[in-house]
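Q: My questions all concern the structure below.
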Amino acid sequence: MAAAVAAAAAMRSRILQVSSKVNATWYPASSFSSSSVPTVKLFIDGKFVESKSDKWIDIHNPATNEVVGRVPQSTKAEMDAAVESCKRAFPAWADTSILSRQQVLLRYQQLIKENLKEIARLITLEQGKTLADAEGDVFRGLQVVEHACSVTSLMLGETMPSITKDMDLYSYRLPLGVCAGIAPFNFPAMIPLWMFPMAMVCGNTFLMKPSERVPGATMLLAKLLQDSGAPDGTLNIIHGQHDAVNFICDHPDIKAISFVGSNQAGEYIFERGSRNGKRVQANMGAKNHGVVMPDANKENTLNQLVGAAFGAAGQRCMALSTAILVGEAKKWLPELVDRAKNLRVNAGDQPGADLGPLITPQAKERVCNLIDSGTKEGASILLDGRRIKVKGYENGNFVGPTIISNVKPSMTCYKEEIFGPVLVVLETETLDEAIKIVNDNPYGNGTAIFTTNGATARKYAHMVDVGQVGVNVPIPVPLPMFSFTGSRSSFRGDTNFYGKQGIQFYTQLKTITSQWKEEDATLSSPAVVMPTMGR
């Protein structure tokens with residue numbers, strides 16, 4: 001009993017140390033008692049408000065499975081109020097000068113930098129990833145905010161003077177209206193920051209639904225945006241699960257939806273949202289291959305494979321979850337296993353941790369079942385992380401690094417996205433065989449080749465049907481001056497996230513044909529024939 005009380009006290013102390021801003025908006029100190037946990041607020045019309053819902057979801061620390069908060073399933077009235085707030089704020093925000101919107105984002109990126117470690121600690125508490133990885137989560141989102149500050153160049157229109165005598169043609173980009181975002185659990189800061197800053201700097205207002213498992217980072221980001229001078233109503237936040245998703249897909253005032261998450265959810269949101277006339281972009285699942293050529297730099301390649309496969313406990317849509325060893329590279333497999341063995345599994349806030357827990361007990365069970373399927377279907381488990389025990393965190397959702405060899409493309413552990421710290425290894429004799437395996441897989445998020453031969457790298461990059469290719473880069477996530485260009489079954493929509501594509505997604509073109517006669521503007525007689533423009 002005493003140990004349980006001490007553990008609870010330690011957890012509360014850790015929460016209260018996260019951030020003074022969080023205490024005011026998400027983890028109020030006064031909410032702690034022996035019988036209560038803090039509740040996540042809604043953010044509507046510039047205010048953090050308590051939900052009136054009678055349906056709540058527990059938020060767990062994945063390292064302990066202790067409840068650290070409760071998030072509401074927003075009521076219909078609350079969700080309607082959030083959209084109405086966005087709708088009211090839109091005309092004035094869209095009419096705000098682009099330089100003023102840019103200034104809000106410039107202040108915002110500075111506040112994110114100043115509070116980066118606080119956001120990261122909150123991510124580690126709710127999501128489980130290591131503090132260093134959580135800081136990277138925030139930083140990659142911050143890069144998109146910094147890129148959004150270039151809006152004055154990104155939103156330039158086009159013009160063509162004198163298409164015929166005294167007639168000019170020009171176009172410019174305008175915001176859509178109310179846009180919405182549905183974010184996953186694995187990047188609590190980065191993915192929301194892919195969405196609302198890009199949309200808002202273009203003049204849209206935004207409705208955000210963070211993952212119900214990790215809402216805290218988004219709430220703190222909302223507070224920082226408010227402190228940056230964003231007007232009330234330009235960003236609203238609701239919480240929930242299926243009802244909230246359906247609400248976003250169906251509401252007539254929402255013009256566009258950004259989604260990142262699983263294929264099942266992404267396909268559903270794309271179909272339902274598109275059916276209701278909305279613009280939808282959906283980043284979904286992946287099976288990312290790393291092709292290792294025998295001429296690759298062995299030390300660098302092995303280290304990069306281990307980091308990309310097991311970092312964030314494999315809970316990345318760009319995790320390198322499949323290695324294809326070509327020719328003599330298969331001899332490197334024992335050394336790959338040795339490096340993976342040396343990774344330290346622990347709670348994310350513990351010094352020296354390389355990877356933390358999975359998000360839920362259900363996620364752990366699913367990953368272990370997929371590992372089991374490998375043995376049942378004839379694969380070999382070279383490194384087994386299913387029975388790992390982490391001292392002091394025995395109730396956590398931990399799976400250690402796992403390597404499965406002798407894998408065939410027909411096996412379940414290859415066909416399904418595992419989303420855990422599991423690397424499946426295939427072997428081929430030639431590069432062409434490896435390319436065929438990659439192209440036969442339905443996903444198209446990312447891939448990498450490891451080689452010291454430029455011709456080999458060029459052939460691979462040009463022949464694989466994958467949206468993002470790394471050459472000696474295991475996780476080729478583009479910086480935000482480019483766009484995130486996953487393809488095939490990893491993406492639905494026709495316009496990708498951030499970069500030029502992101503601006504295009506959140507804007508619409510207006511084209512104006514203008515004629516100002518050199519002579520008197522008054523026509524001497526009406527023109528009744530079909531205008532031919534160029535004659």
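A Cβ is built for glycine as well, from the same backbone N, Cα and C atoms used for every other residue.
So Swiss-Prot has the following annotated:
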ACT_SITE  Cys317  active site, nucleophile
BINDING   Ala183, Phe185, Lys209, Glu212, Arg213, Ser262, Glu417  NAD(+) binding site
MOD_RES   Lys47  N6-succinyllysine
MOD_RES   Lys47  N6-acetyllysine
MOD_RES   Lys52  N6-acetyllysine
MOD_RES   Lys117  N6-acetyllysine
MOD_RES   Lys117  N6-succinyllysine
MOD_RES   Lys129  N6-succinyllysine
MOD_RES   Lys129  N6-acetyllysine
MOD_RES   Ser262  phosphoserine
MOD_RES   Lys364  N6-acetyllysine
MOD_RES   Lys364  N6-succinyllysine
MOD_RES   Lys376  N6-succinyllysine
MOD_RES   Lys376  N6-acetyllysine
TRANSIT   1-32  transit peptide
Q: Provide, as an integer number of angstrom, the distance between the C-alpha atoms of Lys129 (N6-succinyllysine) and Phe185 (NAD(+) binding site).
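A: For Lys129 (N6-succinyllysine) versus Phe185 (NAD(+) binding site), the Cα atoms are 11 Å apart.
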Q: Determine, using Cα-Cα distances only, which of these modified residues is closest to Glu417 (NAD(+) binding site): Lys52, Lys117, Lys364, Lys376.
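A: Comparing Cα positions, the closest of these modified residues turns out to be Lys364.
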Q: Just the number: how many Å between the Cα atoms of the residue listed as 'active site, nucleophile' and Lys376 (N6-succinyllysine)?
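A: Lys376 (N6-succinyllysine) has its Cα 26 Å from the Cα of the residue listed as 'active site, nucleophile'.
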Q: Consider the modified residues Lys47, Lys52, Lys117, Lys364, Lys376 and say which one has the Cα lying nearest the Cα of Ser262 (NAD(+) binding site).
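A: Nearest by Cα distance to Ser262 (NAD(+) binding site): Lys364.
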Q: Within 10 Å of Lys52 (N6-acetyllysine), Cα to Cα, which of the binding-site residues Ala183, Phe185, Lys209, Glu212, Arg213 are there?
A: none
Q: Rounded to a whole number, how many Å is the Cα of Lys117 (N6-acetyllysine) away from the Cα of Phe185 (NAD(+) binding site)?
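A: Approximately 19 Å lies between the Cα of Lys117 (N6-acetyllysine) and that of Phe185 (NAD(+) binding site).
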Q: Could you say whether, by DSSP, the residue listed as 'active site, nucleophile' belongs to a helix, a strand or a coil region?
A: coil
Q: Rounded to the nearest Å, what's the C-alpha distance separating Arg213 (NAD(+) binding site) and Lys376 (N6-succinyllysine)? Just drop the number here, would you?
A: 33
Q: As a test of the contact definition, list every same-chain residue at least 6 positions from Lys47 (N6-succinyllysine) whose Cβ is closer than 8 Å to its Cβ.
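A: Asp232 - these are the non-local Cβ neighbours of Lys47 (N6-succinyllysine), listed in sequence order.
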Q: Counting across all protein chains present, how many other Cβ atoms fall within 10 Å of the Cβ of Lys129 (N6-succinyllysine)?
A: 29
Q: Among all chains shown, work out which of the recorded positions Ala183, Phe185, Ser262, Lys364 has the most CB atoms within 10 A of its CB.
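A: That would be Ala183, with the most Cβ atoms nearby.
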Q: Of all the recorded positions here, Lys52, Lys117, Lys209, Arg213, Lys376, which one's CB has the most other CB atoms within 10 A?
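A: Counting Cβ neighbours within 10 Å, the top one is Lys209.
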Q: Let's check the environment of the residue listed as 'active site, nucleophile': how many other CB atoms sit within 10 Å of its CB?
A: 25
Q: For Lys364 (N6-acetyllysine) and Lys209 (NAD(+) binding site), what Cα-Cα distance in Å is obtained after rounding to a whole number?
A: 25
